[in-house]
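> Right, I'll just put the structure down here and ask away after.
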Amino acid sequence: MATIDFFKYQGAGNDFVIVRPEFNKAVKDKTALIERLCDRRFGIGADGLILWEKGQEEGEDFQMVYYNSDGRESTLCGNGGRCIAAFAFQVQELPQSMQFTAIDGPHQAEVEEQSPGNYWVRLQMPDVKEVKTTNKGMWMDTGSPHHVEFVKNLATYPVEDRGREIRNSYGTAGSNVNFIEFDAQGELGIRTYERGVEGETLACGTGVTAAALAAYQQGLTAKNKIGLQAQGGKLQVEFEPHEGGFKNVWLSGPAKFVFKGTIDLEKP
Ligand SMILES: N[C@H](CCC[C@H](N)C(=O)O)C(=O)O
């Protein structure tokens with residue numbers, strides 16, 4: 001019986017399987033297996049799966065490999081980056097401040113332990129070179145591709161149908177899709193249709209980042225530190241406008257250990 005040990009973390013309801021590193025070889029690039037592990041009925045259940053791999057370079061504490069729940073490796077996962085940093089602190093006993101490499105390059109992360117298993121993690125996001133404005137809305141790359149548009153009545157908006165339509169309108173690579181609305185208290189609400197999950201997730205870190213930058217770009221807020229309310233919790237984005245884009249972009253929010261376990265890979 002071939003089994004693997006894993007850890008389950010979630011960041012504002014965006015949830016991930018993190019494989020115990022000794023078992024990485026049994027999972028790496030195994031699309032069908034990763035899809036099965038992320039399946040919410042036949043597997044563990046998650047929006048994505050993350051491998052923690054030892055750092056190779058000087059000053060690189062580890063590398064992060066990210067797969068969406070469709071089993072395919074993808075671009076940067078902001079909430080996944082915050083959760084793998086919490087894992088590195090809690091399980092690999094790294095110091096609070098760490099540096100890791102994801103598919104888009106190096107990331108600084110700062111982990112604050114609120115109680116065992118409950119963390120507030122700040123993650124440095126890549127600079128954003130450009131925000132494209134089209135008649136459909138705004139588009140930018142915050143480590144993953146994101147379409148952002150303002151809507152009315154976000155709570156009842158048809159996120160699945162409209163999200164799928166827009167996701168597929170961005171050529172073969174597609175895009176994640178974010179619907180945002182300021183509420184009566186002036187707080188920015190967000191709902192996201194995620195590429196590679198092919199459905200709405202309760203939060204999306206690179207999406208929340210894109211939404212904050214889009215709101216600033218549209219002149220709808222003068223603040224460069226914005227809290228956003230996602231379905232699964234609150235996240236915060238800080239940034240500095242720079243040459244038509246943004247630099248010094250940080251995503252922060254909760255990252256929680258949920259459970260750990262062992263799963264038999266041969267299960268039907
Ligand atoms: N689904 C995204 C990657 C994960 C993004 C999201 N979970 C986040 O927290 O940034 C994509 O394929 O572009």
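Keep in mind that glycine also has a Cβ here, set from the backbone N, Cα and C atoms.
Caution: TrEMBL annotation is automatic and unverified by curators.
Per TrEMBL, the features are:
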type	residues	note
ACT_SITE	Cys77	active site, proton donor
ACT_SITE	Cys204	active site, proton acceptor
BINDING	Asn14, Asn68, Gly78, Asn79, Asn176, Glu194, Arg195, Gly205, Thr206	substrate binding site
> Would you measure the largest Cα separation among Asn14, Asn68, Gly78, Asn79, Asn176, Glu194, Arg195, Gly205, Thr206 for the substrate site and round it to whole Å?
15
> List the other residues in this chain whose Cβ sits within 8 Å of the Cβ centroid of the substrate site residues Asn14, Asn68, Gly78, Asn79, Asn176, Glu194, Arg195, Gly205, Thr206, in sequence order.
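Close Cβ neighbours, site residues excluded: Asp47, Gly48, Cys77, Gly80, Ser144, Thr192, Val197, Thr201, Cys204, Gly207.
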> Taking Cα-Cα distance, which of the recorded positions Asn176, Arg195, Cys204, Thr206 are within 10 Å of Cys77 (active site, proton donor)?
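Within 10 Å of Cys77 (active site, proton donor): Cys204, Thr206.
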> What same-chain residues, at least 6 away in sequence, bring their CB to under 8 Å of the CB of Cys204 (active site, proton acceptor)?
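Counting only residues 6 or more apart in sequence, the Cβ neighbours of Cys204 (active site, proton acceptor) under 8 Å are Asn14, Gly78, Asn79, Asn176, Asn178, Ile190, Thr192, Glu194, Ala230.
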> Out of Asn14, Asn176, Thr206, which has the highest number of nearby Cβ atoms, where nearby means within 10 Å of its Cβ, if these are the binding-site residues?
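When each Cβ's neighbours within 10 Å are tallied, Asn14 tops the list.
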> Tell me the Cβ neighbour count for Arg195 (substrate binding site), meaning other Cβ atoms within 10 Å of its Cβ, over all protein chains shown.
24
> Run through the Cβ atoms and count how many others sit within 10 Å of the one on Gly78 (substrate binding site).
29
> For the residue listed as 'active site, proton donor', just count the other CB atoms lying within 10 A of its CB, please.
29
